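The following features are taken from TrEMBL:
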- CYS104, CYS107, HIS108, MET227: heme c binding site (BINDING)
- 91-243: domain 'Cytochrome c' (DOMAIN)
Amino acid sequence: MFARLSAQTASRSVHQLSRTTIQARFASTNATAVQSNTKHITAFTAAAAGATGLGYLYMTSTVSANLADDGLHVAKHPWSHRGLTETFDHASIRRGYQVYKEVCSACHTLNLIAWRNLVGVSHSTEEAKAMALEVEYTDGPNDQGEMFQRPGKLSDYFPRPYPNDEAARASNAGALPPDLSLITKARHGGDDYIFSLLTGYCDAPAGVEVREGLSYNPYFPGGAIAMARVLYDDLVEYEDGTPATASQMAKDVVTFLSWAAEPEHDERKKLGMKAMIILVSLTGLSIWLKRFKWSTLKTRKIVYSPPHH
């Protein structure tokens with residue numbers, strides 16, 4: 001009987017050992033398979049990423065050895081409104097509007113600026129109304145269903161030099177003069193680029209051919225620009241007596257266009273300064289309050305007095 005029990009026990013031990021061995025081998029096989037699959041997935045992902053990167057570099061490899069393709073790099077100028085706490089030079093804005101009106105408005109639009117935007121910035125209410133009255137606007141229809149002409153008012157936007165884009169192209173050899181409302185934001189380099197472009201006209205260097213009807217400007221991508229030079233010394237007569245040099249007019253009109261792209265510039269900086277003062281004050285107050293509230297807990301002492309026997 002004892003022999004039979006020993007045999008059964010031995011048989012069970014053998015079966016358990018075999019089952020354990022099989023499970024261990026199965027687990028080892030699974031671990032190996034998982035590691036192999038992980039390696040395959042990692043290799044495939046790396047290969048796909050590498051192929052995508054090489055394809056992107058191949059498709060976008062448009063680097064040119066000719067620096068004229070991107071235009072000459074513009075220099076930084078010390079604009080009065082560039083600092084964190086600096087505001088626009090409003091006298092320069094007024095002079096810049098005069099340059100825009102007498103020179104730039106013949107071809108370029110300023111669709112996002114109305115006469116009322118000038119009030120309190122560069123002109124008084126009476127001056128802005130007087131300038132608006134000088135322009136005739138098409139309005140209507142009237143009671144007879146017909147359009148009519150009326151004098152301008154403060155709510156009207158600056159007039160367009162051409163009735164439509166096709167007329168503008170026809171008058172400029174197929175080139176459409178861009179709207180100047182956001183031009184300082186829409187061009188890389190901003191104010192510096194516009195200033196350099198206006199003052200950078202020169203003769204084309206040797207070996208560079210410029211087609212008829214185009215002008216050479218090294219700051220313009222490609223060098224050939226459809227807009228001819230428009231700023232010359234004493235082209236306008238400033239009412240405040242400022243000498244109207246080409247660089248002075250370029251500086252003033254760029255300041256005006258920078259304001260036109262961001263009329264809320266000064267108010268935004270004033271509001272930001274107020275917000276910073278309030279936040280700094282509240283931060284200091286919160287630090288003092290935290291130290292006051294926690295001072296009793298952080299400065300208390302726990303004294304242990306052992307019992308006297």
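Each Cβ is built from the backbone N, Cα and C atoms, and glycine gets one as well.
Automatic, uncurated: that is what TrEMBL annotation is.
With a 10 A radius on its CB, HIS108 (heme c binding site) counts 19 other CB atoms from all the protein chains.
Taking every pair among CYS104, CYS107, HIS108, MET227, the residues listed as contacting heme c, the largest Cα to Cα separation comes to 11 Å. Residue with the densest Cβ environment among the binding-site residues CYS104, CYS107, MET227: CYS104, by other Cβ atoms within 10 Å.
Over the domain 'Cytochrome c' (91-243), the average per-residue pLDDT in this prediction is 95. Neighbouring residues of the recorded heme c site, listed in sequence order and excluding CYS104, CYS107, HIS108, MET227, comprise VAL103, SER105, ALA106, PRO177, LEU180, VAL230 (Cβ within 8 Å of the Cβ centroid).
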